[in-house]
Amino acid sequence: MNIRIKRIILLEALQLIVNISPKATSEPIINNVLLETEGDNAIIVKATNYDNSFAGKFEAEILEAGKICINTSKLFNLVREFHGEDVSIKSTPQNWVYLTCGNSRIKLPGVEPELFPTIEFKDLKTSFSLPGSLFKAAIDRTFFAIGENESRKNLMGLNLKIVAPNQICWMGADAFRISQVVTHLETPIDAEGNIIIPKKSLTEVKRILDFRENNVQVSFDENTFQIFSEDVKFKTRLIEADYPNLDNLVNNVGPILLRLPKRELINAVKILYRVSDEDLNSVLKLTFTEGKALIESQKLEFGEGNDELPCDYVGEPLSIGLNIKFFMDALQVFDGAADQMITLNLTASLAPFVLQSEAWEHFKTILMPVKIKW
């Protein structure tokens, strides 16, 4: 094989797959990336770890057709450090790979390309198109809430549920928080589905959505999820479990509704998080009285702090305990919303606590309070 490719194009391709190829595994072949020519002006870049697989088409000048298989991490690190505009890649029958970029000349051992696993993308039972921006927004607003506890496998991914021909519900949850986005589609889809996309795969999906911001084709069956963008294909294994029905928690609207200044609230919680030495188990107390909200950190050996914000609360004093880290993670998602206020929906001190934004009317986050004794 002998090709010439723009360094920036090759770097973009490798950025999409560097985290798919494992750095250490009992099967070394999947530590590598497969580059193969297609026609006179493109290469296909492939990577897999068996759970996730990628194939993408990228522009290149083909001087001699062929294919190479080379360590992904090493190639990525070299291309990232190169300073030239173009990278020349040439291989020998003995699988030596020669890289040239600017004044740099590199010789690396390759691997027999025929040993690389076959990657196949198939027509799956459920298939539809949607704007990549909607999919990306769903990931951004739910990712923080997706569980990581191996004992709750069915919560370790993003739940995609088609609830109507023009409506998709996305949900991330663990034992302490829930985040839900409802996407309304302009073009109805004739499909049904209720799947769980693994959290570890969502980072790769988001890279593809960032790389191509137009419409994407989504397809899935009981075992596999695929996303096709322009010249890029990705698939992952689904979590084969039933996602819990959380509708009672998500749709439970409390009688107390109030608003707080968003930026000031985020800053106050961030400050208390720093005071707590970023302890993941630290708790804050949010006390509402007539016209104001008092935010206090727990008094521990690393210090204490408090802040006071205006709010439109009317009623008897009400205190709620929240995990500082979970509260901060939830608030930071709302930082991207256009409005300046954040809406809180409450029932009682130990009842689920709902965060919403008027600008994002189809998004909500529910936090589970903790019992406080101070």
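Heads up, the Cβ atoms here are built off N, Cα and C, so glycines get one too.
Per-residue pLDDT, averaged across the domain 'DNA polymerase III beta sliding clamp N-terminal' (1-119), gives 97. Residues or ranges marked as domain 'DNA polymerase III beta sliding clamp N-terminal' in TrEMBL: 1-119.
Taken from TrEMBL, the feature domain 'DNA polymerase III beta sliding clamp central' covers 130-245.
The domain 'DNA polymerase III beta sliding clamp C-terminal' feature in TrEMBL is assigned to 263-370. Helix first, then strand, then coil: DSSP counts for the domain 'DNA polymerase III beta sliding clamp C-terminal' (263-370) stand at 24 helix, 42 strand, 42 coil.
Sorting each residue of the domain 'DNA polymerase III beta sliding clamp central' (130-245) by its DSSP state yields 33 helix, 48 strand, 35 coil. Helix, strand and coil residue tallies for the domain 'DNA polymerase III beta sliding clamp N-terminal' (1-119), in that order: 28 helix, 55 strand, 36 coil [DSSP].
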